[in-house]
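Engineer: Pasting a structure here, questions to come.
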């Protein structure tokens with residue numbers, strides 16, 4: 001057993017802990033000294049036990065810093081708007097956002113008043129968790145500083161944190177589905193009189209491209225699958241849950257696996273995002289749950305009609321209103337190492353900040369566009385997840401989500417030991433119904449971006465007395481479904497969660513009916529139907545949905561590709577021969593041993609997405625699981641496009657230097673731990689449930705940056721939960737840690753691990769180790 005003594009004070013890197021005034025100032029009177037017991041089991045997963053929230057937070061912050069100090073320190077720099085100060089304005093964040101634009105966003109977002117308001121809205125339990133987290137993190141930081149910080153963050157930008165930093169991190173997560181996607185557009189919004197046409201066009205065009213690409217990547221990088229099986233279909237007659245969130249493998253959205261216990265009050269295990277002292281996805285003694293990124297709208301744009309006399313004033317109900325002006329300043333590192341303060345004015349209307357995208361959301365002499373983000377007023381998010389963590393029944397779990405309404409931009413799926421399966425699309429959504437949308441928007445714009453008339457008050461969000469926040473939908477008017485067979489979700493609307501009970505008739509901002517399903521949802525519904533026909537559904541069946549790596553779209557189009565290959569190809573026959581042979585030999589999966597035919601297939605189908613007439617059978621809302629399907633190779637234009645796509649695929653593979661005998665495991669890898677590990681899975685758009693997003697690496701390889709992250713399959717018996725799982729990218733982001741690649745290797749080998757939950761299971765783990773930490777009481 002490792003027993004750590006209380007640490008009284010630390011001085012390092014020229015900084016004393018006495019300087020963390022914000023954190024110290026926020027400590028509530030009467031706090032007892034924090035004490036936590038951190039028990040580590042296999043793969044370094046911490047099981048943290050404490051008598052109260054402060055002690056629990058203390059253990060969480062300490063354990064997290066042991067495993068991910070550099071990661072969190074870097075994110076703290078980001079949310080403080082200080083990247084330009086330390087790294088220069090022209091470099092980019094991990095999310096490929098320009099440092100200067102990022103800093104301006106967070107300087108605008110995380111003002112002292114915004115942080116104070118958020119903190120004041122938190123109940124004592126949440127404050128205690130956060131205060132404990134800060135103390136635990138700072139203790140670990142001091143210890144590691146004495147020993148020598150990890151090389152990636154042995155730098156001046158690493159410092160003790162405060163509760164304000166945790167608030168900043170939380171608010172950053174809240175706006176991921178809204179204004180967070182508009183950093184460049186917010187930073188570049190400039191009144192027409194101050195615009196320099198050529199310069200602004202170039203800068204803003206780039207901003208638009210980056211933001212649009214990030215908007216598209218949002219669902220890809222933060223997608224997910226979840227399946228909740230009820231007692232009618234489960235092999236043991238109890239609830240059974242598959243959680244398969246697809247999240248980034250690095251940065252501020254990288255999950256951390258842990259188990260949190262306050263005896264008699266809390267006992268929950270699962271995964272959490274950086275800086276959060278609670279579980280986001282997991283299970284407790286009574287239930288298990290997961291989240292999937294929803295398709296609901298969490299912000300609206302408002303077209304402002306400008307005052308002809310002044311483009312920084314707008315007309316509202318016929319009255320001229322001055323835009324708000326908030327000056328933010330970013331400290332920018334100069335070439336000689338000195339700092340220069342760069343001021344910028346962020347303009348806003350009553351709806352929110354003005355954003356500017358040339359050619360799409362222009363700020364000219366007539367109009368400007370303002371963005372209203374529903375989650376900017378969501379100060380309930382931490383209370384929400386803590387209530388879910390503590391829920392002792394599915395009803396209590398559901399009631400908490402209905403009442404608190406703190407879920408920012410995800411659906412929730414859950415099961416309980418009694419065999420109920422629950423789906424809730426209860427996130428924070430602007431209260432704009434179909435009638436108001438019809439009155440207040442241009443139908444030609446569509447619903448990809450909701451643009452409302454900003455010149456009329458009646459077009460603002462409706463306020464309902466039932467809602468937890470002014471201007472959002474009350475939970476009673478959002479999709480919910482309780483079943484005893486199944487519910488599932490893979491980032492489509494709520495419509496086809498279970499085809500036996502379609503969820504229809506909601507505001508377009510919440511959920512849209514009659515839209516084509518994504519390939520992963522079609523795969524899941526098809527697989528569940530097959531399993532249902534064959535008998536009861538087992539844990540192994542749910543694991544196989546992820547790990548057998550079926551490429552669902554191959555079943556729809558591969559026969560047509562092979563038929564085309566067997567047709568008269570003329571002068572292209574010789575060039576296409578390797579491709580056609582590889583497609584014929586391919587097993588239709590994204591496994592490590594799957595052949596190079598999968599690479600050709602990806603490239604072909606990516607090219608064919610631009611061909612609107614490619615499907616032989618068009619989408620039919622009466623049969624959304626099986627349509628659209630088949631490549632219309634008998635259509636001359638489709639055949640021409642297909643031939644071109646195949647030839648381009650041949651050229652791409654040759655250019656990448658991939659040998660004919662290459663296997664998918666030779667190509668798709670993860671090397672974030674410092675060594676290359678083959679990774680199975682593939683693109684979500686092809687119907688690979690085990691979705692992976694990659695970027696180009698060296699020698700034709702693809703480096704995984706996002707995808708399957710925390711995996712869990714949970715069911716129940718008389719004693720409680722029985723869970724198996726994995727954290728695909730491993731527990732630690734420090735390449736020097738023993739736990740930076742161990743779970744990644746297990747994931748590569750498809751080796752699910754039993755998750756120790758009970759005291760007996762934890763203490764019986766071969767890797768069991770205990771560390772007790774405590775702090776001195778307040779004096």
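Glycine is treated like the rest: Cβ placed from N, Cα and C.
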Engineer: Do you know which of 711-730, 731-750 Swiss-Prot annotates as region 'Disordered'?
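Structural biologist: Within the set 711-730, 731-750, Swiss-Prot attaches region 'Disordered' to 731-750.
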Engineer: Might you list, by sequence position, any residue in that chain lying six or more from residue 224 (active site, nucleophile) with a Cβ less than 8 Å away from its Cβ?
Structural biologist: 244, 245, 246, 247, 290, 291, 292, 293, 410, 489, 490, 491
Engineer: In the compositional bias 'Polar residues' (731-746), how many residues does DSSP put in helix, strand and coil?
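Structural biologist: Result for the compositional bias 'Polar residues' (731-746), in helix, strand, coil order: 5 helix, 0 strand, 11 coil.
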